[in-house]
């Protein structure tokens, strides 16, 4: 895997991981993604930042311009507001912090003469009951490296090479407290401000289109439940057998992915015994639905029609053959009857 692909893969995995960690149907999130390369050959600047609200990109920043640029229509009018200026200052501070952390990690790995990448994801989720969850994670060369634990003000090392940096950072309690203050106070406040700005856009709810399809391959029958064109991306999909939940280990699910038009899509599949398809139901929960939606597989009209036509033709052929056989038998009987009358006449 090339150096450019590693940061992208890391962020794709992190985005899915953070989004999938039990987010309730009506929670909201604010995430900042930082990335940088020590050398230009990785195709990245020394520092670049992207900000997302509920997976909607709203701000971008890089080390060369040193200014925050809006990336969404609903924040264009806030370029000179006090909160936007505070956001710009935060990004400038993170720019400096990122570079210092980058050199620290490289020094602790004795990598000062090589080209490497650093990735960071930090932010918070605010749930419907106003409870919050913060996250602050580092990746080095596309691999998990360190994760901040706000409850204990410690860092969790994802690999043994990160232990030196972990111990070094844990000595700085002032920074740890500042990190926690951001995750538990400043980040939720920023998120609420952004949600107010994006009202009518971020709070829209588009219910999913749900359908169940039927597939047979290598003697295995599979039902696939598809949810299409929904927003936001928070969705729960499960299979029921005779109205009882099926063990999630038996089902194959796909991550929620963007459709390309601002909506999302996902699916969950299940292998079922042939002939028992009607015992299984797909249940979908989404903020755009007033109540859980259920769907079952129904044979398409074309399949039913083809089956009916084939059955009809088969019946007609059978009737035709029976008719021919009946006529042959009658002719034979008639022929035998005529011969019998002729012989009797001669005897008289």
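Glycine too: its Cβ is placed from the backbone N, Cα and C atoms.
Per Swiss-Prot, signal peptide is recorded for 1-22, and the stated evidence type is similarity to another entry.
Summarising the annotation, Swiss-Prot assigns region 'Alpha-1' to 23-114.
What Swiss-Prot lists as topological domain 'Extracellular' is 23-306.
Residues annotated as region 'Alpha-2' in Swiss-Prot: 115-205.
The Cβ of residue 124 (disulfide bond) lies under 8 Å from the Cβ of 29, 30, 132, 133, 134, 135, 183, 184, 187, 188, 191, each of which sits 6+ residues away along the same chain. Marked as disulfide bond by Swiss-Prot on the basis of sequence analysis: 124-187 (among others).
When the region 'Alpha-3' (206-297) is classified with DSSP, helix, strand and coil residues number 6 helix, 53 strand, 33 coil. Look at Swiss-Prot and you will find 206-297 tagged as region 'Alpha-3'.
The domain 'Ig-like C1-type' annotation in Swiss-Prot covers 207-296.
In the structure as shown, the Cβ atom of residue 225 (disulfide bond) sits within 10 Å of 27 other Cβ atoms. Marked as disulfide bond by Swiss-Prot on the basis of sequence analysis: 225-282 (among others).
According to Swiss-Prot, the region 'Connecting peptide' annotation covers 298-306.
Annotation comment: Swiss-Prot describes 307-330 as transmembrane segment, evidence class sequence analysis.
For the topological domain 'Cytoplasmic' (331-348), the model's average pLDDT works out to 52. According to Swiss-Prot, the feature topological domain 'Cytoplasmic' maps to 331-348.
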Around the Cβ of residue 187 (disulfide bond), other Cβ atoms within 10 Å, all chains included, total 25
Spatial neighbours, same chain, of residue 282 (disulfide bond) - Cβ under 8 Å, 6+ residues apart = 210, 212, 223, 225, 237, 238, 239, 240, 268, 294, 295, 296
According to DSSP, which of helix, strand or coil covers residue 187 (disulfide bond)?
-> helix
With DSSP helix as H/G/I and strand as E/B, how many residues of the region 'Alpha-1' (23-114) fall in helix, strand and coil?
-> 36 helix, 25 strand, 31 coil
